[in-house]
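As annotated by TrEMBL, active site, nucleophile applies to Ser73. Residues or ranges marked as domain 'Tryptophan synthase beta chain-like PALP' by TrEMBL: 38-289. For Lys46, the entry in TrEMBL reads N6-(pyridoxal phosphate)lysine.
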Amino acid sequence: MLDDCTLFTIKKPSWQQVKHPILIKNNIDLWLCHLQTRPAQLSGNKWLKLKHHIAKVKAEHKHGIVTFGGAFSNHIAAVAAACAQLGLKSLTYLRADSVDLNNPTIQFCLQHGMRFHLLNRAEYRLRNDDTFCQVITNSHPELLLVAEGGSSSEGAKGVAELNLTDTPNGKASLVALATASGGTLAGVITANKSQVLGIAAVKDSSIADRVKQLLPQEVNATSWSINMDYTDAGYAKFSPELLAFCREMASYNVHVEPIYSGKALYGLFKLIEQGQLNKHKRICFFHTGGLQGLDGLLYRNLISANDYKILMGG
Ligand SMILES: Cc1ncc(COP(=O)(O)O)c(C=O)c1O
């Protein structure tokens with residue numbers, strides 16, 4: 001199913017073993033699973049979360065997708081890329097008071113035909129409210145409404161097609177990944193028999209409830225957990241230490257950004273260092289993509305041009 005879209009270059013999942021002194025000291029065999037695509041905006045969890053939404057657009061004879069997102073969101077860039085490539089329309093209800101035409105994510109989306117409706121912060125809080133969503137659906141009957149982050153049962157279903165347990169060295173007893181709106185984590189829990197650890201990238205205590213809503217009933221509640229200890233000051237906030245960790249990872253040829261994948265990988269390394277994952281000998285970390293977010297960090301001067309180059313991999 002991963003190769004089902006001939007319009008994109010979607011490579012098979014690729015595996016990368018990481019050899020770092022902390023891992024060696026703690027006797028952990030760590031494997032990163034990558035899913036790279038061209039355009040890169042669909043890499044990681046993005047195409048997986050969108051593919052069944054796109055199938056639904058086609059099955060229901062709709063003309064495209066309407067969704068929600070912030071101005072630097074990886075999800076809106078992915079929706080714009082996928083819809084443009086497939087000749088579909090895309091519209092985002094954007095959490096913003098105005099559209100900043102210099103924002104690289106917005107530029108990418110506009111270049112790919114996405115349109116925007118602005119929501120202020122109070123309005124944006126209604127993005128999961130049924131009545132509000134019904135109003136949006138009624139306003140755009142030709143478009144399929146996709147939840148923020150693509151985190152719906154369709155999103156989780158796509159992610160559940162990915163086998164993250166069987167690394168090239170054998171079975172991983174733990175699969176770890178960044179979590180925010182919860183759809184990716186729900187898909188990974190559904191598909192993998194190993195223990196699953198979501199490491200939160202946002203300070204949001206409702207993630208677990210949202211994940212539960214997307215899980216089949218038979219899933220054992222003890223098979224997964226969410227760690228909230230490494231959110232830093234919140235979404236898209238990161239300490240100099242976390243940024244330094246991302247730079248260090250680049251020297252191991254692991255390219256992560258400090259909003260999602262780097263934040264979660266940092267948390268994983270801390271848990272390993274603290275001996276909290278000692279019972280696991282082999283761990284898989286799902287690289288969920290999102291490197292386009294580095295453009296936004298550079299644009300806002302939150303990272304230097306040199307950091308950008310290092311984190312992107314030259
Ligand atoms: C790069 C990246 N990693 C992880 C996540 C978290 O995924 P989810 O929102 O499904 O929890 C996101 C958000 O979609 C993301 O953009």
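Including glycine, each Cβ sits where the backbone N, Cα and C put it.
When averaged over the domain 'Tryptophan synthase beta chain-like PALP' (38-289), pLDDT in the model lands at 96. In the three-state DSSP scheme, the residue listed as 'active site, nucleophile' is classed as coil.
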